[in-house]
Amino acid sequence: MKIAVFASGNGSNFEAIANQIRAENNEAELVLLFCDRKQAFVIERSRQLGIPSYSFSPADFTSKTEYEEAILALLQENQIELIVLAGYMRLIGTTLLMAYQQKILNIHPALLPDFPGLHGIRDAFEAQVSQTGVTIHLVDDGVDTGPIIAQEAVSLEVGETLESLERKIHQVEHRLYPIVIQQFIEELEMSKN
Ligand code: GAR
């Protein structure tokens, strides 16, 4: 099963996924990274891991459709079957949604449906909730609205800071996402047989 990861920034989840897939040594293959920001640190991580990266931004195209058609061509050339969003800070449009129905996963740093959007950790922290967490879900055309596959809660302790909460959330993400991706791939493979 050939996988592409999409990311926009730091790429710590990308690295966790890449390492786990290598360690498992099974049918899954992380073939490429797609990044919409040419200066993002995730590109450096992909270089260090020896995983090819491709980067273009919507600003290089006249429309979102053209942008996504270019991505789709890249994915098809590489026979990608599953897209894994890992900090890809853009909405997926119709072109990719139609081509990869039920085959785009996303991770969000809050317990959806609470705190969707770009700042899930900060929004939960500022709301002073007693717990927040991590959600992995299938992508649909809404903002963090697709069917939920897995969630794990994270408690806010007395004296919790935004930074300590971010660390806790990322630790959960790095452990949970690779496991859920692996299970999802196994289910996809079984449904083929
Ligand atoms: C992660 O916390 C991920 O859940 C979040 O961006 C971060 C990327 O970190 N995604 C979203 O907020 C999507 N709405 P990383 O670049 O270090 O993997």
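Residue numbers in this text run from 1 along the chain shown.
Each Cβ is built from the backbone N, Cα and C atoms, and glycine gets one as well.
TrEMBL entries are annotated by machine, without manual review.
The (6R)-10-formyltetrahydrofolate site recorded in TrEMBL includes LYS64, MET89, ARG90, LEU91, ILE92, and the single candidate from ASN78, ASN106 that the record places there is ASN106.
Ligand 1 lies under 6 Å from the Cβ of GLY11, SER12, ASN13, HIS108, out of the recorded positions GLY11, SER12, ASN13, ARG90, HIS108. Shown in sequence order, PRO116, GLY120, VAL134, THR135, ILE136, HIS137, ASP144 are the residues of the chain, 6+ apart in sequence, with a C-beta less than 8 angstroms from the C-beta of HIS108 (active site, proton donor). For LYS64 ((6R)-10-formyltetrahydrofolate binding site), the nearest neighbour among the binding-site residues GLY11, SER12, ASN13, judged by Cα separation, is GLY11. The secondary structure of LEU91 ((6R)-10-formyltetrahydrofolate binding site), as reduced to three states from DSSP, is coil rather than helix or strand. ASN13 (N(1)-(5-phospho-beta-D-ribosyl)glycinamide binding site) carries a helical DSSP state (H, G or I).
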